[in-house]
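> Below are the features I grabbed from TrEMBL:
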type	residues	note
TRANSMEM	B:6-25	transmembrane segment
TRANSMEM	B:52-72	transmembrane segment
TRANSMEM	B:78-99	transmembrane segment
TRANSMEM	B:120-137	transmembrane segment
TRANSMEM	B:157-175	transmembrane segment
TRANSMEM	B:187-206	transmembrane segment
TRANSMEM	B:244-266	transmembrane segment
TRANSMEM	B:278-303	transmembrane segment
TRANSMEM	B:330-359	transmembrane segment
TRANSMEM	B:404-427	transmembrane segment
TRANSMEM	B:439-461	transmembrane segment
TRANSMEM	B:481-500	transmembrane segment
Amino acid sequence: MPHDDMGTHIPTTAIDYIAIEESPDFIAHKRRHRSFVFPLAVAFLLWYFAYVLLADYAHEFMSTKVIGNINIGLILGLSQFVTTFAITTWYVSFANRKLDPAAEKFRAQLEEAERA
Amino acid sequence: MTVGDPILNISIFAAFVVVTLVIVIRASRTNKTANDFYAAGRSFSGGQNGTAIAGDYLSAASFLGICGAIAVNGYDGFLYSIGFLVAWLVALLLVAELLRNTGKFTMADVLSFRLKERPVRLAAATATLAVCFFYLLAQMAGAGGLVSLLLGVNDRVGQSVVIAVVGVIMIAYVLIGGMKGTTWVQIIKAVLLIAGAGVMTIWVLALNGFNLSALLGEAVAVAGEDILNPGAQYGATGTSRLDFVSLALALVLGTAGLPHVLMRFYTVPTAKEARRSVVWAIWLIGLFYLFTLVLGYGAAYLVGKDTILAAPGGVNSAAPLLAFELGGSILLGIISAVAFATILAVVAGLTITAATSFAHDVYANVIKKGAVPPNGEVKVARITVVVIGLLAIVGGIGVQGQNIAFLVALAFAIAASANLPTILYSLFWRKFTTRGALWSMYGGLASALILIIFSPVISGAETSMFPTADFAWFPLNNPGIVSIPLGFLLGWLGTVTSSVKEDPRIAAEMEVRSLTGHGAEKASSH
């Protein structure tokens with residue numbers, strides 16, 4: 001890719017990326033991606049910090065025994081593992097079903113445009 | 001005191017080195033271009049790469065450090081595992097795929113896509129080298145500490161020799177094998193480490209009738225009720241509690257900014273494979289951290305806190321001592337060899353990352369302005385590997401016996417303060433500018449370093465690097481709670497105060513490419 005004197009990329013292709021970026025299809029694709037990952041990222045971070053603050057400042061609550069020697073702290077800690085695995089699986093299934101087909105369609109169009 | 005048979009330990013370790021070196025030599029036959037050397041020709045599958053990520057990530061700090069922390073401090077040790085694991089969701093949801101779609105070899109490739117290339121590359125390379133250097137020092141120091149227990153080498157000279165040997169083997173791996181060889185070493189090591197920890201976990205659980213509550217009961221009988229409750233390590237004062245929040249922040253935001261983790265997203269052919277790698281990594285790493293919970297509590301009652309702390313390796317010796325307790329010299333030998341392999345593989349991964357960043361970002365694009373003869377870049381990368389290897393040996397000998405946990409926490413805090421804000425801004429914020437990137441990277445890096453220098457880890461406390469000096473004014477051991485928000489704030493401030501706006505055509509191109517994978521570097525054909 002060519003650069004100007006400060007080393008910044010200069011657009012090379014004839015493809016009008018601004019037009020693509022502003023097309024309704026692409027806006028929908030971008031919204032589909034962001035409206036999934038952003039809320040989920042906020043949710044897991046809030047859940048993680050809620051757990052951290054409980055473990056840090058609510059020792060008595062976390063030390064409450066539930067089953068045998070297993071206390072609330074251990075259950076909440078292990079449920080962090082469970083939610084991490086669950087979010088991973090959920091995101092992958094979403095990405096495979098919703099994001100990949102759309103990305104593939106755009107890629108085919110762009111490659112077509114580049115050849116033209 | 002030594003446990004087990006040093007000769008046996010060395011033999012098992014030597015066998016690992018020989019087998020992996022043969023594999024590295026075989027894997028390196030097709031290494032020709034920069035693409036091969038840095039990104040293994042983008043030829044690894046998601047499953048292979050995910051296993052290598054686990055091998056890169058599960059360092060000695062994870063295995064020995066967390067087992068020991070749980071065995072000695074109980075529940076508070078478990079909190080590390082959770083932070084290290086949950087952090088992968090940041091990488092999965094926000095970083096891995098978009099990064100793979102817009103870069104080639106390094107984090108700086110992504111940043112320089114639409115920002116002014118040379119200043120941004122220089123800043124990103126500086127932050128990358130700083131993170132790698134502190135991470136490397138921690139691993140090398142860990143190697144020195146381990147040998148005192150495992151090989152019966154107790155004197156300073158002997159430990160220095162071992163550090164030098166680890167460094168030389170690591171240089172050989174990276175020089176001969178490049179990214180492909182390094183990746184295979186990490187895959188083999190990850191399998192051995194997870195299998196070894198898995199066997200020990202099942203063993204400990206079997207002793208307790210596969211009843212977790214019974215295992216915890218045994219730990220309580222030896223160590224007291226507090227081992228199950230939070231607060232043993234961080235609950236003492238208001239400051240130590242705040243320190244824990246700071247650490248939790250650095251752990252969860254650091255992973256997606258670690259350069260050696262970011263670089264692994266380029267060794268696969270597509271964004272879809274990058275996603276698959278992270279999924280593999282999350283399952284393997286999560287499983288491993290569940291093992292460490294059992295191993296930690298197992299060591300707490302089978303070995304005992306006092307024995308662990310009295311051993312030459314201190315808190316880090318919990319896992320090897322537990323192996324000895326369970327399976328005698330043979331299991332100890334195997335687990336020791338795995339621990340060495342762990343250090344070796346992580347050190348190799350860090351070295352190739354640092355060398356790539358220097359050769360690709362600083363030499364080829366800043367010094368030579370892109371006009372590099374064919375293979376000139378790889379030649380510089382190879383020289384850099386040797387230089388970094390030597391620096392790591394000297395540094396590792398220098399920090400011997402020092403508190404190594406802070407080096408790792410420092411690496412995570414720098415990664416979260418200097419790297420993550422710019423990565424997220426440049427992927428998701430169209431208006432982000434060069435000034436924002438530079439302020440964020442240099443500001444995040446400088447604030448993290450300055451706060452560490454004036455914190456109790458360096459001076460003013462009994463456990464400091466310089467216990468007799470006292471110039472500490474920052475009360476926390478981890479700078480994350482200040483430096484991470486500062487990195488994000490500076491990125492925003494630099495951007496809104498920029499008079500120069502970036503080219504909207506390039507911003508559009510980057511956004512389209514990041515979400516579609518158009519124009520991404522493909523796998524090489526051989």
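From the backbone N, Cα and C atoms, a Cβ is placed for every residue, glycine too.
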> Do any residues of this chain, six or more beyond the ends of the transmembrane segment (B:481-500), have a C-beta under 8 angstroms from a C-beta of it, and if so which?
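242, 245-246, 249-250, 253, 413, 416-418, 420-422, 425, 429, 431-441, 443-444, 447-448, 451.
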> So which of B:6-25, B:78-99, B:439-461 has the most C-beta pairs under 8 Å when paired with the transmembrane segment (B:120-137)?
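When the Cβ pairs under 8 Å are tallied, B:439-461 comes out ahead.
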> Give the nonlocal contacts of the transmembrane segment (B:278-303) in its own chain as ranges (CB under 8 Å, at least six residues past its ends).
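Answer is 46-47, 49-51, 53-54, 57-58, 62-63, 66-72, 74, 77-78, 81-82, 84-85, 88-89, 91-92, 96, 190, 193-194, 197-198, 200-201, 204-205, 207, 212, 215-216, 218-219, 221-223, 227, 318-319, 321-322, 325-326.
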> Is the transmembrane segment (B:404-427) packed against any residues at least 6 beyond its ends, judged by a Cβ distance under 8 Å, and which are they?
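Distant contacts of the transmembrane segment (B:404-427): 59, 61, 65, 90, 94-95, 98-99, 102, 107, 110-111, 113-115, 124, 127-128, 130-132, 134-135, 137-138, 141-142, 145, 247, 249-251, 253-259, 262, 436-437, 440-442, 444-445, 447-449, 452, 457, 477-480, 483-484, 486-488, 490-492, 495, 510, 514.
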> Please figure out which one of B:6-25, B:52-72, B:157-175, B:187-206 racks up the most CB pairs under 8 Å against the transmembrane segment (B:330-359).
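Between the stretches B:6-25, B:52-72, B:157-175, B:187-206, B:6-25 has the largest tally.
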> Which stretch, B:6-25, B:52-72, B:187-206, tops the Cβ pairs under 8 Å count with the transmembrane segment (B:157-175)?
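The stretch with the most close Cβ contacts to the transmembrane segment (B:157-175) is B:6-25.
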> Under 8 Å between C-beta atoms and at least six residues away from its ends: which parts of the chain pack against the transmembrane segment (B:6-25)?
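Result: 150-153, 169, 172-173, 176-177, 181-182, 184-185, 188, 192, 329-330, 332-334, 336-337, 340-341, 344.
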> Report, as numbers and ranges, every residue of the chain located at least six residues beyond the transmembrane segment (B:52-72) whose Cβ falls under 8 Å of a Cβ in that stretch; write 'none' if there are none.
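Cβ under 8 Å, 6 or more out: 44, 78, 80-81, 84, 138-139, 142-143, 146, 183, 185-190, 193-194, 197, 233, 255, 260-261, 264, 267, 277-278, 280-281, 284-285, 288-289, 292-293, 295-297, 299-300, 303, 305, 308-309, 313-320, 322, 339, 342-343, 345-346, 349, 404-405, 408.
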